[in-house]
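Structure first, commentary second.
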Amino acid sequence: MKGLLKGLGVTLKSMTAKKITTSYPDEPFVMPDRFRGIQHFIPDQCIVCNQCARVCPTECITLTGKPNPDPEKKGKVIETFDINFEICILCDLCTEVCPTEAIVMTNNFELASYSRDDLYMDINWLDSNNKNVRKDNNNIGAPQAGKGGAKKDV
Ligand code: SF4
Ligand code: SF4
């Protein structure tokens with residue numbers, strides 16, 4: 001009898017406790033601020049320095065640039081920028097080295113697909129992946145501090 005009452009007590013307690021389950025995917029799951037999710041890429045801020053591709057441990061970034069069509073401006077502009085999310089490990093290194101914050105992490109994580117081909121994301125897709133940008137990077141689009149750009153807190 002004592003065991004039965006004890007069991008009922010546990011049941012009643014859990015019935016009134018705050019729910020920790022969510023109705024995902026009906027309700028979006030909000031990830032923590034420091035979550036490293038799928039990158040957002042801002043073409044206008046890229047100076048085609050290639051540092052992100054060089055530092056990437058899985059070599060999943062490919063990019064090409066072309067000379068700036070504006071004769072008054074030096075340097076290059078980005079032409080293509082692709083990330084292969086089959087092998088990207090979302091390690092954050094590409095965003096850490098980027099001097100202009102042209103590539104930043106978001107809190108987005110949904111990449112599931114039936115086809116591997118769908119995991120190759122191009123410049124337009126990465127540009128449009130602009131929701132839930134990580135709070136650390138909420139100054140994106142702001143003027144950069146000097147040639148090297150604004151330095152992020154690590
Ligand atoms: S997050 Fe890491 S693995 Fe993915 S593209 Fe950036 S550097 Fe490469
Ligand atoms: S590190 Fe930044 S600026 Fe340099 S190529 Fe990559 S995204 Fe562009």
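Numbers here mean position along the shown chain, with the first residue as 1.
Just so you know, glycine gets a Cβ as well, placed from its N, Cα and C.
Just so you know, TrEMBL annotations never went through curation; they're auto-generated.
Here TrEMBL flags 37-66 (among others) as domain '4Fe-4S ferredoxin-type'. Here the domain '4Fe-4S ferredoxin-type' (37-66) is broken down by DSSP into helix, strand and coil counts: 8 helix, 8 strand, 14 coil.
If you take the C-beta of Cys46 ([4Fe-4S] cluster 1 binding site) and look for same-chain residues 6 or more apart in sequence within under 8 angstroms, you find Leu63, Gly65, Val77, Ile78, Phe81, Thr100, Ala102, Ile103. Positions annotated as [4Fe-4S] cluster 1 binding site by TrEMBL: Cys46, Cys49, Cys52, Cys98.
Within the same chain, residues at least 6 positions away in sequence whose Cβ sits under 8 Å from that of Cys56 ([4Fe-4S] cluster 2 binding site) are Cys88, Leu93, Cys94. Per TrEMBL, the feature [4Fe-4S] cluster 2 binding site maps to Cys56, Cys88, Cys91, Cys94.
The annotation domain '4Fe-4S ferredoxin-type' is assigned in TrEMBL to 79-108 (among others). Helix, strand and coil content of the domain '4Fe-4S ferredoxin-type' (79-108), in residues and according to DSSP, is 5 helix, 9 strand, 16 coil.
The annotation region 'Disordered' is assigned in TrEMBL to 135-154.
The binding-site residues in question are Cys49, Cys88, Cys91, Cys98, and the one with the fewest Cβ neighbours inside 10 Å is Cys91. Tertiary neighbourhood of the domain '4Fe-4S ferredoxin-type' (79-108): same-chain residues 30-33, 35-43, 45-47, 49, 51-53, 55-66, 116, 119-123, 126, 129-134, 136-137, 139-140, 144, 147-150, 152, 154, selected by CB-CB distance under 8 Å and a gap of 6+ residues from either end.
On a Cα basis, Cys91 ([4Fe-4S] cluster 2 binding site) lies 14 Å away from Cys98 ([4Fe-4S] cluster 1 binding site). For Cys52 ([4Fe-4S] cluster 1 binding site), the same-chain residues lying six or more positions away in sequence with a CB closer than 8 A to its CB are Ile61, Leu63, Cys94, Thr95, Val97, Cys98, Ile103. Each residue contributes its Cα atom, and for Cys91 ([4Fe-4S] cluster 2 binding site) and Cys49 ([4Fe-4S] cluster 1 binding site) these two points are 20 Å apart. Taking a Cβ distance under 6 Å to any atom of ligand 2 as the criterion, the binding-site residues Cys56, Cys88, Cys91 reduce to none.
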